[in-house]
Amino acid sequence: MDYQQILDTINDEMSYRDVTGKVASYIPELAKVDRRKFGMHVYCGDQQHFSFGDSEENFSIQSISKVFTLAMAMRLMGEDLWDRLDVEPSGDPFNSLTQLEYESGIPRNPFINAGALVISDILVDQLEDPKKELLEFVRKITGDDNIHYNETVAASEKSTGYRNIALVNYIKALGNIKCDVEPIVDFYFYQCSLAMSCSQLSKAFMIFANKGRILETDEKILKPKTVKRINALMQTCGFYDEAGEFSFQVGMPGKSGVGGGIVAIHPDNYSVAVWSPILNENGNSELGMKALERFTTLTGVSVF
């Protein structure tokens, strides 16, 4: 398979001029990102790399970070985690308050904001320094100590994060938050501010394509059954209320973020990351969705 030729074809066929969406504006720092940015990186099971465009430029990964924190929480709690979270697609916007009242404070899945905040509560409760340990986890699975939080983005999120603060308070009132609100939202804003490139993300997500092992060293990080559950959740819940569309068009487990990044995996084959900050009405990268659909069409390879 000539992945580089396929990526070059995608790069030639697509442009930011072809999409009509907008860069995220509700977080002030994200609104400053150049809408022309576009990059893609494929990391294969034989350790080959293929890329184009702005694939080495860091951006705010936002909700993609929820996959990392879920993996950490599952290592800590195992199956007991699902006493506090459900595993169903939500069908509502990612920051919705509505479902919580009807479902007694149990978030519909770990990738909507309410679910990710319950995960944050668990990590704040059980880890001595959750910010440090999350960064160490991501650096380890990526093999790159240059990954960092973007302090400016974290502060920008905090300045406008009233709905997330409301979510934590509401879940706490319903009995599914243990810690104080402030450290939970502080950790959450920092995790979303993680700055990574497509190249780094494709390497990090290879553990989900490689049965929980770091490809280069074969070190076991996650149990295979943990990876199976995370991949299933990415397939059904990884794209806000557009998960069905992504499965239909692309056909792989993946996760998006409002920073414009998308990561997807084909188990035992590759991990692919794409970044374009222009979002569609559902908060997913418009050009990224199109690029990944074209990628699986041209390769003829998906999980279906």
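Backbone N, Cα and C atoms are what each Cβ position is placed from, and that goes for glycine too.
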* **Swiss-Prot annotation, substrate site containing Ser63, Glu157, Asn164, Tyr188, Tyr240, Val258 - matching residue among Asn113, Asn210, Asn280** => Asn113
* Among Tyr188, Tyr240, all listed as binding-site residues, which has the most CB atoms within 10 Å of its CB? -> Tyr188
* Asked: Within 10 Å of the Cβ of Asn113 (substrate binding site), how many other Cβ atoms can be counted across all chains shown?
  -> 24
* To do: Look up Val258 (substrate binding site) in the DSSP assignment and report helix, strand or coil.
  => coil
* **CB within-chain contacts under 8 A for Glu157 (substrate binding site), separation at least 6** => Ile27, Glu29, Phe189, Cys192, Ser193
